[in-house]
Amino acid sequence: MNLISSYKTEFELLRKFIEEEEERKETEKVAQKLANIFTKGKKVLICGNGGSNCDAMHFIEEFTGRFRKERRALPAISISDPSHITCVANDYGFEYIFSKGVEAYGQEGDMFIGISTSGNSPNVIKAVEQAKAQGLVTVGLLGKDGGKLKGMCDYEFIIPGKTSDRVQEIHMMILHIIIEGVERIMFPENYVEE
């Protein structure tokens, strides 16, 4: 067992992401777009399965609560309510649990973020399709080769990790960078001393 080797792989993924100019520009574009969306009184919706669902919930609480410094709460929804998920899964099928949430909460001009470490989650694919049909800006946090979701979103981050845990770790870093970017744009006074 070589745990250090495993973490070296993770750091190599992280290093590649950080050094990739296109990825940095894409992250900045998403942060700017989301700041504009919030400024217009719109919101962000996000979803994922398993650990990615936890990442989605972590992302929204940083907006509805706070990230680093005091500021007003920002409108963010994770499609993760257990009663919604079990109702839709029972009545329509598991592949509709997120798209029905997008249908209910999404409005034209909002942002939707779908997280899938494989890029092949049927329920995330359907949610992206629903978001696009309703005029939401779409962002995909994907893994491996991007799977079926590759090319479906307005903005994409494809992390070519071999295991879901390593992909999720980079996804969470991307989400934190987006949050910080939004705060720096909307609340520059909070970052004056840096």
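Each position is counted from 1, following the chain as shown.
In case you wondered, yes, glycine gets a Cβ from its N, Cα and C as well.
As given in Swiss-Prot:
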type	residues	note
BINDING	Asn49, Gly50, Gly51, Glu62, Asn90, Asp91, Ser116, Thr117, Ser118, Ser121, Gln168	substrate binding site
BINDING	His58, Glu62, Gln168, His176	Zn(2+) binding site
DOMAIN	34-188	domain 'SIS'
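Counted over every protein chain shown, other Cβ atoms within 10 Å are most numerous around Ser116 among the binding-site residues Ser116, Ser118. Note on proximity: of the binding-site residues His58, Glu62, His176, the one nearest Asn49 (substrate binding site) is His58, by Cα distance. Note on proximity: of the binding-site residues Gly51, Ser116, Gln168, the one nearest His176 (Zn(2+) binding site) is Gln168, by Cα distance. A helical conformation is recorded for Gln168 (substrate binding site) in the three-state DSSP classification. Summary: among the binding-site residues (His58, Asn90, Gln168), the fewest other C-beta atoms within 10 A of the C-beta are counted at Asn90.
Take the CB of Glu62 (Zn(2+) binding site) and look out to 10 A: across all protein chains shown you find 19 other CB atoms. A mean pLDDT of 97 is what the model gives for the domain 'SIS' (34-188).
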